Each structure stands twice: as C-alpha cells, then as structure tokens.
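The next block holds one structure in the form of structure tokens; read it before the comments.
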Amino acid sequence: MKNAAELWHNVLSVIEEEQRTPKASYDMWLKSTEGVTLNGTTLIVSAPAAFTVTWLERQYLSLLEDTVEEVTGSRLDIQFIEEGQAKHMLDRQNEEVEVMEVAPAKTKAQKTPKSSDELVMSELGQLNEKYTFDTFVIGSGNRFAHAASLAVAEAPAKAYNPLFIYGGVGLGKTHLMHAIGQYVQDQKLGTKIAYVSSEQFTNDFINSIRDNKTVQFRNKYRNIDVLLIDDIQFLAGKEQTQEEFFHTFNALHNDQKQIIISSDRPPKEIPTLEDRLRSRFEWGLITDITPPDLETRIAILRKKANAEQLDVSNEVMLYIASQIDTNIRELEGALTRVIAYANLVGRTIDPNVAAEALHNIMPASEPRKVTIRDIQESVSKHFNLPFDDLKAKKRTKSIAFPRQIAMYLSREMTESSLPKIGEEFGGRDHTTVIHAHEKISTLVKSDGETGKVIEQIKHELKHS
C-alpha cells in the first residue's frame, strides 16, 4: 500500500512539474487522488466522488497510464474507485494482515491451488457489476432486445440459442451481455460464464498456436456453460479464427450451452464472414438496438444522476438529452461534463451552465463522419435498389453502375483502405475498387448527368 501511494505521488509529481495538464485541471481532478494498492498489474487509485471517477476514466486514463509506465518502466492498468470503496478495501486488507500475523505460517503444501474452473474464469474476463438488468433503461429502441436477453438469462440454452444482438456503438449491447451473465451467475451458482471480445478470442487462439497449446485453448473455451462474445464483426477476414470459432460454437451448441453474440451489424452484413458461421448465427434470435428516443435519453440521465446522488433538474436533463441524440456513452459523458464544469466554476447546475459546459469543455462537434454503410444506403435509395444488391455478385448494368458509384464515393468520402472498401462490397478485390473509381472519375468529367448524381448523393450524405 505504501508502494502504491509513493508510486502515485511520483506520477502526479511528473505531471505537475512538466505541466502535462493545465494547473486548474490538475488541481480540480488529479490533486485529490491517492494510490491505494497495487494488485498484480493493476494500480488502484481513489478519487473523491463517482463523477470524478468517471471523468478521470474518460479524460485522463491514457495520460496517467503512459506516465505510470514512464515512472515504473512497466505498463500497469489503472482502476479508479471512490474514497469510500478505498477505505473499505484498506480496512479489509488490514484485517487480513492481522489474521496472518497470528496464524501459523502455511507451507507450500498447505496452499490450496485454484481449481481449473477458477483458472478458466479468471482468464476469460470479468463481468462488470454495474451492468445489470436493474440499471438498464428500457425504451422503444431496445425493448425487444432487453426482453430477449432476460428470457435467455432466465432459461439459458432453452429460449434463444444463440442470441445475436446488433446495433451501433454505445447503445447498450455490452450492458445487456453483462446483465445476462450477472443474472445467470446470481441465479445458478456454479455456472461457468465467459465474457470475451472477439479480439481476445483471436489473440488467445494465435497464442495457443504459437505456444503449441491448442488443446488447452479448446478446453478453456468449450468447457463453459455460457459464452458471451462481443464485437463478433472483428472476426471478418480471419479465416483460421473463424474456423476455430465455428468448431467452438458447434461444441457448445451441441452440449446445450448458451451463446450470446454482439455485433455492430446483422450477420448477413458482416463482410467476409463464412456462410456456415452466418447460418449458425441465424439459428437462434437476432435482435437489434436502435438509438434512444428523447424520453429514453432523459430516463437514462435521470437514472445516472440518481445512482450518483446528484441533484440535476429536469430542465438540465432535457437540454442535455436534446443535444446528444445517438450514443448513450456520449449522453452520460455529457452529464459528467456538466457536473464537472459546475463544480469547477462553483455554480449551480442550470440550463445555462449546461450550455456553457457542453460548449466550452466538449470539443466543438466535428461534422459526422460518413461511413461506407451510409454511402451504400444513400446509393440504394437513390437508384431504388435493394441494399443487398450492392454487395451481391450480380453484374447487370442496373446494379453494377450504382455499385461503382458507391465504391467511388467510398474512396472519396471515407478514409477506408481499398481492401476495406472491397470487403464492404461483398468481399471484392481492391483492384475492382480501383477500376470503379477510375471509371466514375472519367464519367464525372465527361458526363454531366453522372456528375449531377454524384453531387446530389454527396449533398444528401453531408446533410442527413
């Protein structure tokens, strides 16, 4: 504990002396933090209040972890907790120290090794205790996904298997996955639950091949009761990993084990995903989450304010909810910014303060970035084509020309690489994208009608 305190003191000294953050910000957010304990590769740090914890996680985590690495020479994870939690943690550690002082020393033979189940679970990620069904705000955009998740939690491998949840970033997919895991864990003691991202699954698989431990890898992932795998779209293009996940999926499904999957898009729209995997994802239930409406956004803000015992008026919540209309993470982040700003300037939180906070503390909002999917949807709508035709293998002129326009716009309006654009159009080769771009570029110069179509679609994309 002394080491953690000294380490954190040194980290703060570096930041303050080298002015890595403005003095006012340092005094407001960092000065009152303290190193609590070092738990393995995780440094526990206390902060005065819940909103401070949230602010530090959002705004300073990268700076602090980089500085810790600079001071110690090792990369440590930082976990922020409230002062009350820190006190409880220290009291508990002190009790353990007292017991250890009066108890006879144990020999190595007396140590109880972790069971294989405990080892597997510790290696496969932890559930976030904040993400439960009780803390999930239900609205029109997520009602069905919530109901399906609860049904799966109440009857794993009996209701819908697999359950596939898709939707944009920050809309609550991960929350529901953790809620399922927490519910099953509470209701069915001893159930083996694993929550992993597709990236972790991929890395574990690669490491198992490198270390010649594929048998252990398979035992780890196939001897569980509930598998929650996040962001499955990142398996796209990874043929060997897809092969391994296919067999993992089959093993679990055949053993009547529950599988829950999340993605930013439905299975049929994940590029270069093997058909056999896509078909298995469609065995169970596919449900989406859409951006919350105004009433739901206000309810989300109210729940967060109540959870952190903050007094925020309905007028302020209405203002914030009116400004942030797509992403729950940004919505909650905006509330945190408003509270932080009010504390910093010593004013009561009202709509005027909220407006100042979101104007001054949040960076000026950049124009929304156009995505390849946005372009595909606009082109489909403009030419009155089914969306899937742009990705299909059809080469008729009525489809090939709009597809080439969409590829051209993807090259002009996004930062995506040629292979990435090709992937999003049914797994086409990058040379196809180059050909499409060259052809439409020539037509724009020589054919006035093509130029008008391009400008019209661009205008719609920029003002949608």
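Glycine too: its Cβ is placed from the backbone N, Cα and C atoms.
What Swiss-Prot says about this protein:
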- 1-82: region 'Domain I, interacts with DnaA modulators' (REGION)
- 82-125: region 'Domain II' (REGION)
- GLY170, GLY172, LYS173, THR174: ATP binding site (BINDING)
- 343-464: region 'Domain IV, binds dsDNA' (REGION)
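Sequence features annotated in Swiss-Prot and their locations in the structure.
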| residue | record | Cβ contacts under 8 Å, 6 or more apart |
| --- | --- | --- |
| GLY170 | ATP binding site | ASN327, ILE328, ARG329, GLU330 |
| GLY172 | ATP binding site | PHE136, ASN142, ALA145, ILE289, ILE328 |
| LYS173 | ATP binding site | ALA145, ILE165, TYR166, GLY167, ASP230, SER262, ILE289 |
| THR174 | ATP binding site | TYR131, ASP230, SER262 |
### Message
Using the Cβ center of GLY170, GLY172, LYS173, THR174 as the ATP site position, which other residues in that chain lie within 8 Å, going by their Cβ?
### Response
GLY167, VAL169, LEU171, HIS175, LEU176, SER262, ILE289, ILE328
### Query
What is the number of residues in the region 'Domain IV, binds dsDNA' (343-464) that are helix, strand and coil, as DSSP sees it?
85 helix, 0 strand, 37 coil
